[in-house]
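As recorded in TrEMBL:
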{"type": "TRANSMEM", "residues": "21-38", "note": "transmembrane segment"}
{"type": "DOMAIN", "residues": "87-526", "note": "domain 'Major facilitator superfamily (MFS) profile'"}
{"type": "TRANSMEM", "residues": "138-157", "note": "transmembrane segment"}
{"type": "TRANSMEM", "residues": "169-187", "note": "transmembrane segment"}
{"type": "TRANSMEM", "residues": "193-218", "note": "transmembrane segment"}
{"type": "TRANSMEM", "residues": "230-254", "note": "transmembrane segment"}
{"type": "TRANSMEM", "residues": "260-278", "note": "transmembrane segment"}
{"type": "TRANSMEM", "residues": "343-365", "note": "transmembrane segment"}
{"type": "TRANSMEM", "residues": "377-398", "note": "transmembrane segment"}
{"type": "TRANSMEM", "residues": "405-428", "note": "transmembrane segment"}
{"type": "TRANSMEM", "residues": "440-461", "note": "transmembrane segment"}
{"type": "TRANSMEM", "residues": "473-492", "note": "transmembrane segment"}
{"type": "TRANSMEM", "residues": "498-521", "note": "transmembrane segment"}
Amino acid sequence: MQFDDFYTNLGSFGRYQKTKYFLICLTYMLPPIMVYTWSFTAAKPNFRCRTPMDNALGVSPTDDGIRRYAPSESQCRQYHSKISVAECQKCYQLTNESDYDTSQMKPCTSFIFDRTYYQSTLVEEWYMVCGRVSLRSYVQTVFFFGYMVGSLVFGVLSDKFGRRPIMGVSFIVITLASLMCALVPHPKLGFEISYSVFVLGRFLLACGTRGVALTGFVIGSEIVGPKQRLFTGIVIEYFFAGGELVLLGFAYFMRSWRQLNTTLAMFSIPFLFFYFVLPESPRWLLSKGHYEHAERILRRIAKTNDTQFDSIAYEHLILAEKKREALHPKKVHGLKHLLQSKIMIIIAINMSFQWFVQNLVFYGVSQNTGEWLPNPYISFFAGALIEIAAYCVVHLVLDRFGRKLTYCGFVLFFGIVAFLVLPIQMFITTDSRVQRTLMFILNVALKFLASGSYAIIYIYANELFPTQARNTGMGICSMFARFGAIIATFSNDLLVRAWIHFPIIVYGTTSLIAVAFATICPETANRPLPQTIYDIDRMGLTLPCRKSRPLACDDMNGMTDSDEDIALKHQLNGNDIF
């Protein structure tokens with residue numbers, strides 16, 4: 001007897017699962033709050049060099065007076081060609097307003113920041129602009145490195161000690177790290193100590209949020225039946241976007257970075273008590289041999305769902321689990337299992353690259369939503385709504401058109417739309433109303449497409465790894481994905497200094513490359529989840545079919561049983577299947 005067969009009789013999506021799944025979805029709102037807080041606490045307001053006129057008492061500098069201290073366009077192009085003219089004029093100034101000798105140009109050491117939308121940000125407090133802009137990038141780099149560490153560490157720990165306790169530990173880490181980021185940095189401690197503690201806090205915050213997101217997603221999929229897994233995999237993303245809207249509400253009314261960080265740290269405290277109401281996964285308990293604990297939870301599920309717990313059937317399930325363990329006590333799992341097949345190796349490498357690109361694109365686009373419109377709060381709100389809309393569309397079409405076609409469509413259109421930035425910038429009057437409108441539409445389209453493909457790749461990759469190595473495969477993909485997020489951060493901070501739309505071209509180029517490689521992956525919709533490496537080999541790759549190489553074809557359904565057996569034997573004997 002299989003667990004799903006027994007579980008269906010208890011009600012695989014009854015009142016118990018719906019209640020617990022809703023609580024899990026609520027916890028999924030916390031990670032985006034902590035991730036995107038950076039968009040407001042370290043927002044980049046408009047700034048300019050502080051001129052001698054700003055230091056004069058009782059004198060309000062005029063625009064003309066300020067411009068007289070800025071280097072000319074020709075000076076910037078000649079002596080600082082690696083950065084844009086606008087960036088040069090923000091970061092350099094002339095020694096005095098009447099001397100245009102290039103030797104008198106010097107980098108600014110003090111700045112005036114626009115307070116229209118922000119009362120104070122870390123960019124202003126630590127002068128993370130111009131030559132110090134890399135300080136801002138390093139914080140996010142460490143944050144995404146924490147994402148990587150958290151994915152690996154909490155993933156392993158949740159498999160060893162259970163989903164529920166690791167989720168509880170993750171909430172504790174988030175709360176403590178949030179308080180560290182909000183309270184420790186202070187001018188009296190100096191920049192070095194404040195910056196170091198803040199970076200450490202962001203690292204721990206990333207580890208904790210990854211622990212919540214990872215274990216929450218796993219519990220949500222493990223407490224329901226097979227037919228509800230697509231539903232739970234998509235709906236939880238709605239709450240992720242909802243967390244962005246909650247953050248926006250806090251950020252709108254709290255314009256100081258310290259006040260916002262402190263409030264969000266307090267907001268995370270109630271989540272500490274979720275440990276007492278979240279369930280442990282009965283699937284995990286059975287896999288670890290905790291049969292009595294699993295029985296208590298399954299009986300509770302039956303009682304809540306008004307169904308009957310069949311003790312005899314449960315005994316048969318336990319006997320089947322013990323027999324399976326006795327037959328395969330030393331079965332190869334993990335990375336070694338993935339390396340047993342050439343087709344599996346190709347799929348694993350391909351999926352790792354796809355995750356890398358999707359994190360590069362998604363975080364690259366998402367981190368810039370605040371710059372779509374002059375008002376960053378309206379821009380962020382629009383970005384969150386677009387993300388929800390993308391998840392809705394994916395939810396509607398993913399089963400109808402399949403994983404592969406839907407994913408390739410989203411990625412291909414992203415690449416095409418990204419390159420439309422070139423004619424918009426080249427042939428339309430700079431900073432005109434038409435250009436601003438078209439760029440807003442383009443950014444909306446990019447956000448929609450990036451959100452859709454980002455959601456699909458999680459489901460698609462999960463269905464391309466066998467059960468014996470699924471967690472390992474997803475962990476490898478997640479590790480490579482963080483490199484994409486790190487590069488996206490540096491692209492948004494550094495490439496824009498050369499041209500503000502340069503990152504979009506980079507994202508579009510990598511998307512077109514990614515869709516070319518994605519076409520070789522097999523379709524997984526309406527197919528059983530692969531259990532073994534041989535199931536993956538039978539799925540094959542989408543390559544030109546040749547009679548002498550049957551396993552290179554995507555559609556193996558047309559093969560007879562004997563043909564399949566012969567092909568598998570050839571592969572096991574070491575023949576070239578490509």
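Backbone N, Cα and C atoms are what each Cβ position is placed from, and that goes for glycine too.
Here the transmembrane segment (473-492) lies next to the transmembrane segment (138-157) in space: the count of CB pairs under 8 Å, restricted to residues six or more apart, reaches at least 3. Most Cβ pairs under 8 A with the transmembrane segment (260-278) among the ranges 21-38, 169-187, 193-218, 377-398, 498-521 are made by 169-187. Only pairs six or more apart in sequence are counted, and the transmembrane segment (169-187) with the transmembrane segment (21-38) gives three or more Cβ pairs under 8 Å, enough to call it a contact.
Away from its own ends, the transmembrane segment (230-254) comes close to residues 21, 24-26, 28-33, 36-37, 40, 216-217, 220-221, 224, 260, 263-264, 267, 377, 380-381, 383-384, 387-388, 391, 394-395, 398-399, 455, 458-459, 462 of its chain (Cβ-Cβ under 8 Å, at least six residues beyond either end). Within its own chain, the transmembrane segment (498-521) is flanked in space by residues 82-84, 86, 346-347, 350-351, 353-354, 357-358, 360-361, 364-365, 368, 404, 407-408, 411-412, 414-419, 421-422, 425, 446, 450, 460, 464, 488, 491-492, 541-543, which lie at least six positions past its ends and keep a Cβ under 8 Å from the stretch. Segment contact is absent for the transmembrane segment (440-461) and the transmembrane segment (21-38), given fewer than three CB pairs below 8 angstroms at sequence separation of 6 or more. Summarising model confidence by region, the domain 'Major facilitator superfamily (MFS) profile' (87-526) averages a pLDDT of 84. Taking every recorded stretch in 21-38, 343-365, 405-428 and counting its Cβ pairs under 8 Å to the transmembrane segment (193-218), the highest total belongs to 21-38. Residues 357, 361, 394, 397-398, 434-435, 438-439, 442, 445-446, 449-450, 452-453, 456-457, 460, 501, 504-505, 507-509, 511-512, 514-515, 518-519, 523 of the same chain lie 6 or more positions beyond the ends of the transmembrane segment (405-428) yet place their CB under 8 Å from a CB of it.
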